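Per TrEMBL, these features apply:
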REGION    1-73  region 'Disordered'
COMPBIAS  1-13  compositional bias 'Basic and acidic residues'
COMPBIAS  33-45  compositional bias 'Polar residues'
TRANSMEM  90-110  transmembrane segment
TRANSMEM  125-145  transmembrane segment
TRANSMEM  157-174  transmembrane segment
TRANSMEM  180-203  transmembrane segment
TRANSMEM  215-237  transmembrane segment
TRANSMEM  243-264  transmembrane segment
TRANSMEM  333-351  transmembrane segment
TRANSMEM  371-392  transmembrane segment
TRANSMEM  425-446  transmembrane segment
TRANSMEM  452-473  transmembrane segment
TRANSMEM  494-512  transmembrane segment
TRANSMEM  518-538  transmembrane segment
REGION    550-571  region 'Disordered'
Amino acid sequence: MAHTNEDLGESEKGAVGTMPEETDVATVINKEALSSNEGNGSETPSEAAVQTVPLPDSDPASEPPSEAPIESTDASTGAYSVFTVTQKKMIVLTASLASLFSPMATAIYYPSLTTMAKDLHVSDAKINLTVTLFLVIQGIAPAFFADIADRAGRRPIYAICYLIFNIANIGLALETNYTALLILRMVQSAGSSSTVSLANGVVGDIITSAERGTYIAFSSLAGIFGPMIAPVLGGAIAQYAGWHFLFWFQLIFSSAVFVPLLLFMPETCRAVVDDGSIPPPKWSRNFTDTWRHRNRTKRGLVVDKIKQERIRERYRIGFPNPLATLRVVSDKATAIILICTGVGIGCFYAISTGAATAFSKHYNFDPVQISLMFIPIGAGSILSALTSGRLIDWNYRRHAHRLGITVVKNQRQDLRNFPIESARLQVGFPMLFLAGAAVMSYGWAIRAGAPLAAPIVVLFVAGFALTFTFQVLNVLLVDMWPGKAAVATSANNLVRCEIGAVFTGVIGPLTGRVGEGWAYTILAAGLVGVAPVLVVVMRRGVRWRGVRREREERKEGVRGPPREEGEGGGG
């Protein structure tokens, strides 16, 4: 949604009308050169199309030619967020930890699927249906919650998620029939699934594009750690305490995380607190909010009452609007990114869901041994999260230097004519092909009953490459929808979970018909097959974003300068 200067907070006005106040460099786009560049099919503006005008406190000549450094700035110079680096890390860590419960709830009973089928006197196909429907709801539920989270704040949605999740956990711990299991698993999914989009929303609230790769990778650590550790815990708990205790464990663990979160994690939503300088409404305030704003007052940092009043006037909770998510899905470039992400996560889920049957059939593993086989794919995923962010951010800085743009830490960057699609996707392509090779190799290793070291190594590589690809696509998605990080991530969940549900549902029948080797080869071919459409996004992404921006501005009847596409406030 486009905004005028009057609609934006003061920290965002400069980005719209007076860019030099917000950044240490003013970037001037030569429209004729840019148009010529696009006509030639080039994916990035030429050097002639971009001129930079350094401000007095900027000295690009002093920077190394290979890579423009990220410079620190004080909050008073128009910083994107008033939170300190330490506070940002703690906030992102807390949001990441809360996002653990969605993937944990998905994976914790994978090793117990066959045992549950026997106890409830149903087929393996019916038990697998509980996984499929969990993923379906996991995709749909955030579409309702994310829109509220982007308007009314993150904390109210965290509270609602915690309540729904644990009502379902209590019911699941007590149920003794298949129908109750099926229904309550869907309720459990509705309660846990939005925590992932909330985590990415928090990152979008307080982190600029220049650092977003590292922080989104950091925020995803718990979500990656969940699928690795959950099956191990699930196998051990089911073996020694029974599978019903899986849900008592989730109740206890989630309470240990969410209660401190609700007491101490500050509100970050820019529609509610702007850059963090505006106190949230009293009913949404916690101990840290009160303490922090009291400290700011003591230091002479007075709240801007005019800006606070404007934010309060726009503040509303309202009824959930899933159409906001559907509008994101309907965007051409976004739809391509979402489908590619969905195919990748589908391969990940297919490996996870099929592992119990595969290792039981070919290696005669019990539930505990099966659960240990999730460690390699989880370890690869964690290593990827620790390394991918730095590479993603490095390529961003490389493109910025190539265009003569100085990247400034904690200040918004104008992405309207910046080739963000190329900057992100270039580092993802090698991993996409590596992931395809690993998925195919896993299938043939299982089919041949190869020595156990073979599937272990292949699972590690698959976890690393698939997760790296997800990280690249997730960061790009948040960049493409400034101010709508939670809605964009909920759109991601919607598409990838529905595609993941399809892959989960078909992997069993497919392996039964053609065997593991050909089944995973087919999945790998689908994964590699998305590469050409990603090339199209790289080449046409800037132009497509411009068309979307102009369409939104016409729809809103904007008369002033166009909104900066970068880290803006409201969508």
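Backbone N, Cα and C define each Cβ position, glycine as well.
Whatever TrEMBL says is automated annotation, not expert-curated.
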Residue list, the transmembrane segment (243-264) vs rest of chain: Cβ under 8 Å, 6 or more residues beyond ends.
-> 94, 97-98, 100-101, 104-105, 108-109, 112, 115-116, 119, 155, 158-159, 162, 165-166, 169-170, 172-174, 233-234, 237, 286-288
With pairs restricted to those 6 or more apart in sequence, evaluate whether the transmembrane segment (333-351) and the transmembrane segment (425-446) have 3+ C-beta pairs under 8 Å.
-> yes
Recorded stretch, among 125-145, 215-237, 371-392, 494-512, 518-538, maximising Cβ pairs under 8 Å relative to the transmembrane segment (425-446) | 518-538
Intrachain neighbours beyond the transmembrane segment (90-110), with Cβ under 8 angstroms and 6 or more residues off its ends = 83, 116, 131, 134-135, 138, 154, 158, 165, 188-189, 192-193, 195-196, 198-199, 202-203, 206-207, 215, 218-227, 229-231, 233-234, 238, 243, 246, 249-250, 253-254, 257-258, 261, 264-266, 268, 352-353, 355-356, 370-371, 374
Taking pairs 6 or more apart in sequence, does the count of Cβ pairs under 8 Å between the transmembrane segment (215-237) and the transmembrane segment (125-145) hit 3 or more?
-> no
Test the contact criterion for the transmembrane segment (125-145) and the transmembrane segment (518-538): 3 or more CB pairs under 8 Å, pairs 6 or more apart in sequence, then answer yes or no.
-> no
Using a Cβ-Cβ cut-off of under 8 Å, list the residues of the same chain that are 6+ residues beyond the ends of the transmembrane segment (494-512) and lie near it.
-> 124-125, 128-129, 131-133, 135-136, 138-140, 142-143, 193, 325, 329, 335, 338-339, 341-350, 353-354, 357-358, 519, 522-523
Which bits of the chain, at least 6 residues beyond where the transmembrane segment (518-538) starts or stops, bring a Cβ under 8 A of a Cβ in it?
-> 43, 333, 336-337, 339-340, 343-344, 346-347, 350-351, 419, 421-422, 425-426, 428-429, 432-433, 435-437, 439-440, 442-444, 446, 503, 507, 510-511
